[in-house]
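Visitor: Before we start, here is the structure in question, set down as structure tokens.
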Amino acid sequence: MDILNLLLQGISVSIIPVNLLSCTIGVLIGTLVGVLPGIDTVSAIALLLPFSYGMDSTAALIMFAGIYYGSKYGGSTTSILINVPGEAASVVTCLDGYPMGQKGRAGAALAISAIGSFIAGTIGLIGLTLLAPPLAQAALVFGPPEYFSLALVGLILLSRLTGTSALKSALMAVIGIMLSTIGLDSLSGISRFTFGIDELDRGFDLSILAMGLFGIGEILTAMTHAEAKPDIPSVKFRDLYPTKKEWQRSITPMFRGGIVGFLVGLLPGPAATISSFISYGLEKRCSKHPEEFGHGAIEGVAGPESANNSAISATMIPLLSLGLPFCGATAILLSGFMIHGITPGPSLITERPELFWGLIASMYIGNVLLLIINLPLIGVFVQLLKTPLNILMPLVAVVTLTGAYSINNSMFDLIWVIFFGILGFLLQRVGFEPSPLIIGLVLGPELERGLTQGLIICNGSIWALITRPITATILSIGAVAILYNFVTWFTKYDNTRKELDI
Amino acid sequence: MEKEAIPAATKYPEKPITLIVPFGVGGGIDLVARTVEKSASTHLGQPLVVINKPGGTGTIGWNEVASASPDGYTLAMTGIEIILQPLYGPTKFHYPSALEPIAQITELSLIMAVQADQPWNTLEDLIAYAKEHPGEIKFGHPGIGGINHVLGETFAKTANIQLEQVPFQSGAEAMSNLLGGHIQVVFLNPAAVKEQLKAGKVKALALGGEKRLTDPIFATIPTFKEQGLDVVCNSWNGIAAPKGLPEDVKKKLSEGIKKVIDDPEFQRNMENLGLQVTYLGPDDSAKKWLIDSQQLTKTVQETGIAENIKTQKK
């Protein structure tokens, strides 16, 4: 087969010692970026760009890509161990990963997320290998009206992920949308709700909010409970790995997550984060025991952690076959490529096949390396839990704040991380779960932009906008889902009434 | 060896020089900065360190440089936005007078492109179509008030046709919407068009520069002027320092930067990015800032862009 030959050629490029070494360095740095809360992929690659100037271009690209996909492997580690997400894409993993850790199943959760990442990462890569050019073309069919409908349906379906009341969740999502309107409006160039403060023009970065609400917020929560440290059962070596039952429950979510992540990854926006939320919602809906979600359901770790990895592979498709970055992390990868004199685009595959296939082959190898690196580390990470909280948490705080500063090199951002940290702490106290806020913050701007641009494209007619074929399909799916929810809620309500004999 | 050559009074540069890029990592201006960074240390005697301070269409980063001490250790990447931003409303500094140019590195002639399977092969075809179907053609650009938007509006006004503008967040986003057929025209810099042009996905109808470009991929694109329209709109990138550099520092710095720009490796790297090196020294750059200021003040008023933005700001 033609592609197989090309891939074999790619492998021969990627196993040249210097390339293999770059791949290893890349995935190691990536793992570190993922594990350390606050350090995000974009700033890590930006920081390392100058060090790559002397490197061979293929080796440099392999390293940057390694950092990128590697960072999504480690993201779940701190989510599971201390409820602090290492990456925005692992926020949702806290919901069930942390409860699992509390029950002494941290090792299992870490293992499942590493294996899920590997399986889904590989699914994504197979998609990338076989279908890159046609899929990239298909993704272009999605214009602003289509994003608007996706964001709308996503907001409605995803804001009710967690167990708390629908009203509280909706409120959090709305606050997230409101926060997303602060700053320089990317379309009109007008500053909104900034009160003349220049730094607010930048708006609130997703990572800043995630670090504050979940990172610092959790550190504060942990410190107020420091005396009454929950008794984490000491973990025996054999308990580090998943039981047969945990395996059986995880395998389908891994594949489902892999496919969901791949599809979401083809679209613009922070795909890894969005796909992890979608996968979580999907698993909750498909599960036979939805009541376990939020209390340590392993599907809630397996699905999202798989989804964010295959999303990463899929985001490489528009980058490599069109030369168009659809998210922040691929934009910085594109910079890395261009600084080394490589311009991805439709002709990359034909003009530089050794580079294209070498890079893809290195990603297969990198995924295997990541699995090999991550599985033995689980034992080490679980030991971290033995560190007293009054030593561990200040360290986590230092790392988080350093990372927050590095995003925009701004002290102003640090103030906000701390502000949102206190807010997150207070919200948890009064029973608000902040993850719908993140969904509002991510999807709000997509919704607004899609509507504004979409309306211009459709000559100002909302009817023309919602009757475009794809838009109409997505909106109908949303409507059916809402109706379905409403009906189940109503029958439940009816049944309770009958039981109570009112 | 170098120590002997330099008199004791001018030890500059003694430490790494910071180059602030007032936009995010990954943009066109960031790439220019990093290409400079790559070749800088051999010619400047000290490394140049790029730091991104994004936000506020460049104003956050430029504010920082404008208020930094003029010692030659804090520099800014500049673009035509330093001229444009103050035209749309009060900014903290009037950048053209709070900063002084050290060099212009590159000049970008923007390209007007359409999807390859559109029936328009010349500017004339498109203008004729637009006259028959007013408002139907939508053009994309990366940001209201930016030079790409200014070019689009200037073209529409000069050709006396009605085009609707659609703002996007980046050139890449505008390009993917063009390829998907959601908009019909884009005005983008050569680097953003190059790969699609090479692959035959888009057609370039006109170039915003005074002269044609030399790169063979772009050399066939006629300018607006050749096609009878008085439209010239160029963007550029350069390096500036806070106003009031000591004469000797300024001299060493501008000589050092010139050496970087003359370096064949630097030129090759820029060419790879689809960028043409167009060096101007400190004095010529300053003259250009003045001319651009006068020209653009007139343009943004005549096209109604300034008015549009000001009313929205209220």
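Cβ atoms are placed via backbone N, Cα and C, with glycine included.
Quick paste from TrEMBL:
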type	residues	note
TRANSMEM	A:12-36	transmembrane segment
DOMAIN	A:20-439	domain 'DUF112'
TRANSMEM	A:42-69	transmembrane segment
TRANSMEM	A:108-132	transmembrane segment
TRANSMEM	A:138-158	transmembrane segment
TRANSMEM	A:170-194	transmembrane segment
TRANSMEM	A:206-226	transmembrane segment
TRANSMEM	A:259-282	transmembrane segment
TRANSMEM	A:322-343	transmembrane segment
TRANSMEM	A:355-382	transmembrane segment
TRANSMEM	A:388-407	transmembrane segment
TRANSMEM	A:414-432	transmembrane segment
TRANSMEM	A:470-490	transmembrane segment
Visitor: Would you kindly check A:12-36, A:42-69, A:138-158, A:355-382, A:470-490 and say which stretch has the most C-beta pairs under 8 angstroms to the transmembrane segment (A:322-343)?
Guide: A:42-69
Visitor: Would you kindly check A:12-36, A:138-158, A:259-282 and say which stretch has the most C-beta pairs under 8 angstroms to the transmembrane segment (A:108-132)?
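Guide: By Cβ pairs under 8 Å, A:259-282 leads among A:12-36, A:138-158, A:259-282.
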Visitor: Who are the chain neighbours of the transmembrane segment (A:470-490) in space, where the CB to CB distance is under 8 Å and they lie at least 6 residues beyond its ends?
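Guide: Cβ under 8 Å, 6 or more out: 141-142, 145-146, 148-150, 152-153, 156-157.
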Visitor: State the non-local partners of the transmembrane segment (A:388-407) in its own chain: residues 6+ outside its ends, Cβ under 8 Å from one of its Cβ atoms.
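Guide: 36-40, 42-43, 47, 78, 82, 84, 205, 207-208, 211-212, 215-216, 219, 222-223, 226, 229, 413-414, 417.
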Visitor: Quick one: find which recorded stretch in A:12-36, A:259-282, A:414-432 has the most Cβ pairs under 8 Å with the transmembrane segment (A:206-226).
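Guide: The stretch I would name here is A:414-432.
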Visitor: Looking only at residues six or more beyond either end of the transmembrane segment (A:12-36), which have a C-beta under 8 A from one in the stretch?
Guide: 44, 48, 55-56, 58-60, 62-75, 77-78, 86-87, 90, 354-355, 357-359, 361-362, 365-366, 369-370, 373-374, 377, 399, 403
